[in-house]
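Student: Structure incoming, see below.
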Ligand code: HEM
């Protein structure tokens with residue numbers, strides 16, 4: 001039972017980077033790929049219908065951490081306090097950029113929230129890189145040092161590449177427009193997280209919640225899992241092709 | 001203020017901000033779903049315009065519900081790791097279910113609904129907003145189950161210094177849950193009804209060209225508030241019994257006492273007002289025609305929000321000093337080693353950023369109301385994908 005929930009956790013984490021990774025990467029590249037406001041609208045339009053379905057993987061991850069590995073939840077989050085706070089603030093700023101950029105007129109308004117979208121995306125990538133490095137090193141006392149920054153920058157570059165292959169695929173332009181390239185970059189984006197999970201596996205399995213709790217969770221969640229997966233597939237079937245929606 | 005005080009303050013501020021937006025989400029979601037259903041069945045363009053206009057208000061409000069919710073989700077582990085250590089095996093389960101069974105689906109279906117205009121077949125599109133509503137209510141259920149467990153740790157037993165789960169069903173029949181949940185959900189309906197009422201009063205007062213639209217909306221708002229207020233007050237009084245059984249001194253402190261008084265005063269007065277004045281004036285649309293009443297309707301709009309925050313203050317301050325009632329104190333649950341600098345920085349960051357965004361969001365909601373149904377972005381025309389080449393290879 002603990003193995004099942006560990007695998008669920010790992011799949012959610014890998015899925016988060018494979019999916020939300022391209023939203024983050026595209027946000028980072030927004031000033032580069034979208035030089036004009038119209039270009040930026042199209043880039044945001046490409047990712048917009050996926051963001052809500054992608055970012056929620058991390059919320060689910062936090063839920064599984066709390067439900068199935070409660071002791072680790074307290075340990076990991078509190079040891080990584082400044083990084084997790086930075087991650088949350090970056091996430092909030094990124095989301096605010098998305099939700100607000102079209103809610104009022106004027107070039108300055110749009111530019112300001114596009115800036116928030118960019119800064120938040122960059123902050124997310126940097127914070128995640130540092131967090132993965134810290135977890136891989138067994139949660140050191142002061143998680144902000146040179147390897148942490150290096151990890152952040154490396155993840156930023158990786159996700160930016162992933163974001164670019166997504167944009168090329170969705171907007172059908174350039175030589176990188178194929179679905180295969182997107183699949184490849186998705187796997188690459190998830191790879192660091194998978195490695196870190198493999199390193200942390202023994203520690204996590206030793207700290208799972210008791211069987212009684214895990215059974216209750218399984219009984220409640222497993223029957224609904226096909227609906228969760230189906231909803232995600234529905235999003236991809238609906239928004240992979242065709243004109244770009246304009247709400248974000 | 002010491003570290004515990006700051007951590008409590010951070011939780012209270014972010015939690016209150018979260019609830020201000022969530023309570024409206026809970027109230028508006030079913031209204032938008034009903035409007036959309038009527039449009040899908042009858043095809044009346046007025047219903048489509050209503051769905052998009054009120055749907056846009058709902059969606060703008062939702063943005064802040066999400067970002068404040070993210071902070072809530074992670075805050076237990078950040079500042080209160082003692083809680084996950086002592087009670088995580090029980091308390092974690094409803095929270096995990098909230099994320100997997102409710103919020104995950106809510107967010108996915110909301111994306112489909114927002115961006116699915118011109119794309120999804122009408123029936124499936126309506127199904128999305130109903131699924132959003134259903135999962136939002138499921139979310140409220142699981143969160144209230146978790147909160148009620150903290151009020152009264154049912155279904156669990158202490159073993160080796162930690163709580164273990166004994167009876168999962170008891171979490172759902174917890175006496176601190178059964179009346180509190182409908183009380184909160186009805187408060188949501190009341191808040192949703194009042195926002196629809198207040199915004200409609202604004203347009204009727206300004207004599208904008210959308211007379212029919214807002215006369216009908218006013219009716220929907222007042223009727224929703226009528227139903228919501230009736231149940232809010234009913235389930236509010238019903239809570240006194242179970243609360244005095246499990247937490248006998250709850251309302252004796254100064255803060256919970258004052259907050260309770262405020263909530264009941266608002267609840268009682270406004271409920272009578274809705275029942276005996278506003279609802280009867282719907283006959284022959286008197287309320288829509290009596291323009292001098294409209295400023296009053298606008299001024300009343302925030303009242304359910306004030307009462308709802310007061311309600312949470314009663315419930316949460318009233319159980320101090322306990323985090324898990326009678327078992328784990330708030331001070332003992334604080335993350336060991338959490339420094340003053342840590343918590344001060346995070347509190348300033350969360351309160352500053354979320355407070356600012358909340359203000360922006362309210363301004364945007366007011367702006368969307370003012371612009372009226374003629375200029376709604378939700379469901380607007382799409383952008384062609386190949387308008388101009390994206391400079392992807394210019395990298
Ligand atoms: C006559 C009117 C009302 C009465 C008698 C009443 C009663 C109560 C009581 C006794 C509690 C505390 C429960 C506890 O500590 O466990 C409570 C909490 C609460 N109230 Fe009220 N209330 C009234 C009106 C309102 C109104 C108008 C709203 C908002 C529209 C509201 C929203 C809340 C909320 C959000 C809570 C916290 C969650 C809960 O315990 O349900 N109440 N109410």
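Please read every residue number as a count from 1 along the shown chain.
Glycine is treated like the rest: Cβ placed from N, Cα and C.
What TrEMBL says about a protein is an automatic prediction, not a curated fact.
These numbers come from a predicted model, not from an experiment.
Dumping what TrEMBL says about this protein:
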TRANSMEM  B:20-41  transmembrane segment
TRANSMEM  B:53-71  transmembrane segment
TRANSMEM  B:91-115  transmembrane segment
TRANSMEM  B:127-150  transmembrane segment
TRANSMEM  B:184-205  transmembrane segment
TRANSMEM  B:217-238  transmembrane segment
TRANSMEM  B:258-283  transmembrane segment
TRANSMEM  B:295-314  transmembrane segment
TRANSMEM  B:343-365  transmembrane segment
Student: Counting Cβ pairs under 8 Å that are 6 or more apart in sequence, does the total for the transmembrane segment (B:184-205) and the transmembrane segment (B:91-115) reach three or more?
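Tutor: The answer is no, given that the two segments have fewer than 3 Cβ pairs within the 8 Å cut-off.
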Student: Cβ pairs under 8 Å with the transmembrane segment (B:53-71): which stretch of B:20-41, B:91-115, B:127-150, B:343-365 has the most?
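Tutor: Looking only at B:20-41, B:91-115, B:127-150, B:343-365, the most contacts with the transmembrane segment (B:53-71) come from B:20-41.
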Student: Can you find at least 3 Cβ pairs under 8 Å between the transmembrane segment (B:295-314) and the transmembrane segment (B:258-283), where each pair is 6 or more residues apart in sequence?
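Tutor: Between the transmembrane segment (B:258-283) and the transmembrane segment (B:295-314), which are separate recorded stretches, there is contact, as judged by 3 or more close Cβ pairs.
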